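The next block holds one structure in the form of structure tokens; read it before the comments.
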Amino acid sequence: MIFVLTLVALCTAIHCPDGEVEVDGACYPSSCVFEDTVCNNHGTCTASVCRCDSGYSLGNQGCYPSICYLASDDVCNGHGKCVESEHGSYECSCDQGYINDYQVCVPEACYTEEGVCFGYGTCIQPTDGSAPYCRCYPANAGEKCTECSSEAVLIDGACVHKSCLTEFVPGETLVCNGLGRCMIMPFPNIHYVCSCYPYDGTFYNNTCIYNGCITEYNLYGITEVCSDRGICAGTRCVCDSGYNGPTCEYKVVDCEPGFVSAQETCYPEACISDESVCGGHGRCIWNNDGAACACNDGFVFYENTCIYASCIVNGIVCPHGTYDASMNPPRCICPTDYIGRNSVCYPSSCVTNSQTNPPQLCHSAGSCDFDTGVCSCNPTNSGPTCEECSSEATLIDGVCQPWSCIDERNPDALSVCSGKGTCIAYSGRDVFDVCYMCSCDSGYETVPGGICVPNSCVTASLIICSNRGTCTDGVCKCNEGYSGALCEWYQCPTGQTFVNNLCVHEECVTSYDDVAQTTSVCGGYGRCVEDDGSYKCSCRSDAKVIDGECVNESCITNSATNEVCSGHGKCNGYNCVCSVGYFGKHCNVKTL
């Protein structure tokens, strides 16, 4: 029996060829088998290679979520495990001594919130088991590269290598001559070069030369700067002694007092700015009365020179920018953190749509401080660029609308001013005191609660249908029991009449034939009480029941016969209301 079982086992065992491995009763190339599975159960083996499922990538450990293979071909760069998060996605769970930095397991010794080795170095992990450390780029130093080395200078919070610095003018140190950025280059050896801003500068002698300083060049590059008679410092030529002009092209001549050498000629000082005559866009005219520039078309005289008119905004030349007269036509050059449109430099931090002209600022929901680049939001908005709704507003059709203008009668379909008006901001006494109210269309009335209602449905006290109905197509549809154009009347049950906002049994109602056709309960001198299923008046002590109503004693002219107002009128309060043809206190005088 034992022999038979052994024979069966030998007959059913699978023997895979060399280079293949048995998995679940089948043979697969060993290159596709990981952790005793085929492609980690997240791919298929094709031509001895795992083709991973969507969202997975092939690495040294097989098919794993792509996010866990970001840094190397090892899962979590060999210092962690790929685990499923509580949200269903995957992430690296790093080993002790390592920190997850955007799904890369970084040694704590190299980690900073600003990046690995502060973003200015490489984390070295020795193979001999010694502690990891930061190898800083030449411009940086310190345990985690957070300091500047002796080869660099701290400028605007960054360590700039001295090879990128220029100081053509004593005391005026510029990064790449103020026209570029200092970039690190890894090959062939780590070094720094200037990357010049397009249209502003050209790389020359390891710095950026302002294009307006270039006086000669050929197919191979720049051959002459500032006419070889000066240096280009920033956006201007600083000429050698004895020369002047925008590119040092003129010799200086001796001039009389009040005159200045320009273009190798003497001109009145009133026409000279930056050593040019009228900015190169006009003629200098002078006589015994003085001197001034006659500017070309499109230019205006401004502080001894001719300025391109489009570059002057509110009386200021290129606010927050630099006027570049070397261009044709001249233009405003904005700093790197500003965006230029129509000679205006807008802070980039405020610009929320650069495709419009002028660009949209602060999502059109606030004002931008051009000096600080900070948005001051309207009361309806909040956030760095006013992109969110404040607690005083809600989002409707992409716009933060103030609650004071929102019709909330239908919570599932909020509307602004009921769709029949415009929400207007009104300023209070304080500049920051702003309130919002609906300005309704013609034929509509503004009602508290952001509601615009047809005039025909609103009472004098701005109540819709007297709070007793709904307004539909300009007509009040009254609730049950009410009537009238504004639902102002209450419909009493049969046998009752509406008197003084109450339903009163008709047996107790007194009517008067006066001009106002007034009514009262029991003549105003009693109350209506039930008596064996019917109703009657119960009078005050100074009144008497006569014909079912309470009559004040001052109106009774014969108590024995219950005569009221001499039989020619009715009592209304303390007075007689005489019938036609009679007058007098007790209606006892007949009209002639």
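Note: Cβ is positioned from N, Cα and C throughout, glycine not excepted.
Just so it is clear, the model here is predicted, and its values are computed rather than measured.
The annotation signal peptide is assigned in Swiss-Prot to 1-19.
Per Swiss-Prot, the feature domain 'EGF-like 1' maps to 64-104. For the domain 'EGF-like 1' (64-104), the predicted model reports an average pLDDT of 91.
Counting only same-chain residues at least 6 apart in sequence, those with a Cβ under 8 Å from the Cβ of CYS68 (disulfide bond) are VAL75, CYS76, CYS82, TYR90, GLU91, CYS92, GLN103. Per Swiss-Prot, disulfide bond is recorded for CYS68-CYS82 (among others).
CYS92 (disulfide bond) counts 26 other C-beta atoms within 10 Å of its own C-beta, drawing on all protein chains shown. What Swiss-Prot records for CYS76-CYS92 (among others) is disulfide bond, and it gives sequence analysis as the kind of evidence.
Among the features that Swiss-Prot reports, domain 'EGF-like 2' is placed at 106-146. Sequence-distant contacts of the domain 'EGF-like 2' (106-146), counting only residues of its own chain at least 6 positions beyond either end whose CB sits under 8 Å from a CB of the stretch, comprise 79, 94, 97-100, 152, 159-161, 184, 190-192.
Positions annotated as disulfide bond by Swiss-Prot: CYS110-CYS123 (among others). Under DSSP, CYS110 (disulfide bond) is assigned to a helix (H, G or I) in the three-state scheme. Sequence-distant neighbours of CYS110 (disulfide bond): residues of the same chain at least 6 apart with a C-beta under 8 Å from its C-beta are VAL116, CYS117, GLY121, CYS123, PRO132, TYR133, CYS134, LYS144.
As annotated by Swiss-Prot, disulfide bond applies to CYS271-CYS284 (among others), with the evidence given as sequence analysis. CYS284 (disulfide bond) falls within a strand segment according to DSSP. Counting only same-chain residues six or more apart in sequence, the Cβ atoms lying under 8 angstroms from the Cβ of CYS284 (disulfide bond) belong to TYR267, PRO268, CYS271, VAL277, CYS278, ALA291, ALA292, CYS293, ALA294.
Positions annotated as disulfide bond by Swiss-Prot: CYS295-CYS306 (among others). According to DSSP, CYS306 (disulfide bond) is assigned to a strand segment. Less than 8 angstroms from the CB of CYS306 (disulfide bond) sit CYS278, GLY279, GLY280, HIS281, GLY282, CYS293, CYS295, ASN296, PHE299, VAL300, each of them six or more residues away in the same chain.
The feature domain 'EGF-like 4' is assigned by Swiss-Prot to 353-387.
In the three-state DSSP classification, CYS375 (disulfide bond) falls within a strand. As annotated by Swiss-Prot, disulfide bond applies to CYS362-CYS375 (among others), with the evidence given as sequence analysis.
Counted within 10 Å of its Cβ, the other Cβ atoms near CYS386 (disulfide bond) come to 25, all protein chains included. If you look up Swiss-Prot, you'll see CYS377-CYS386 (among others) marked as disulfide bond.
Annotation source Swiss-Prot lists disulfide bond at CYS457-CYS471 (among others). Neighbours of CYS457 (disulfide bond), defined as other CB atoms within 10 A of its CB across all chains, total 25.
Cβ neighbour count for CYS487 (disulfide bond): 24 (other Cβ atoms within 10 Å of its Cβ, all protein chains included). Marked as disulfide bond by Swiss-Prot on the basis of sequence analysis: CYS478-CYS487 (among others).
Nonlocal intrachain contacts for the domain 'EGF-like 6' (546-588), taken as residues 6+ away from its ends with a CB within less than 8 angstroms of a stretch CB, comprise 507-508, 510, 512-514, 518, 520, 522-526, 536-537, 539-540. Residues annotated as domain 'EGF-like 6' in Swiss-Prot: 546-588.
If you look up Swiss-Prot, you'll see CYS550-CYS565 (among others) marked as disulfide bond, on the strength of sequence analysis. Sequence-distant neighbours of CYS565 (disulfide bond) (same chain, six or more apart, CB under 8 Å from its CB) are CYS555, THR557, CYS571, CYS576, VAL577, CYS578, HIS586, CYS587, listed in sequence order.
What Swiss-Prot lists as disulfide bond is CYS555-CYS576 (among others), and the listing cites sequence analysis. The DSSP secondary structure for CYS555 (disulfide bond) is helix.
Within 10 Å of the Cα of CYS386 (disulfide bond), the following disulfide-bonded residues from the list CYS375, CYS457, CYS478 place their own Cα: CYS375. CYS478 (disulfide bond) is 9 Å away from CYS471 (disulfide bond) when you measure Cα to Cα.
A 10 Å cutoff on Cβ-Cβ distances gives CYS295 (disulfide bond) a total of 20 other Cβ atoms nearby, all chains included. Ranked by CA distance from CYS487 (disulfide bond), the disulfide-bonded residues CYS362, CYS377, CYS457 have CYS457 at the top as the closest.
Within 10 Å of the C-beta of CYS471 (disulfide bond) we count 20 further C-beta atoms, all protein chains included. The two recorded residues, CYS478 (disulfide bond) and CYS362 (disulfide bond), show a Cα separation of 47 Å.
For CYS377 (disulfide bond), the nearest of the disulfide-bonded residues CYS362, CYS457, CYS550 in terms of C-alpha separation is CYS362.
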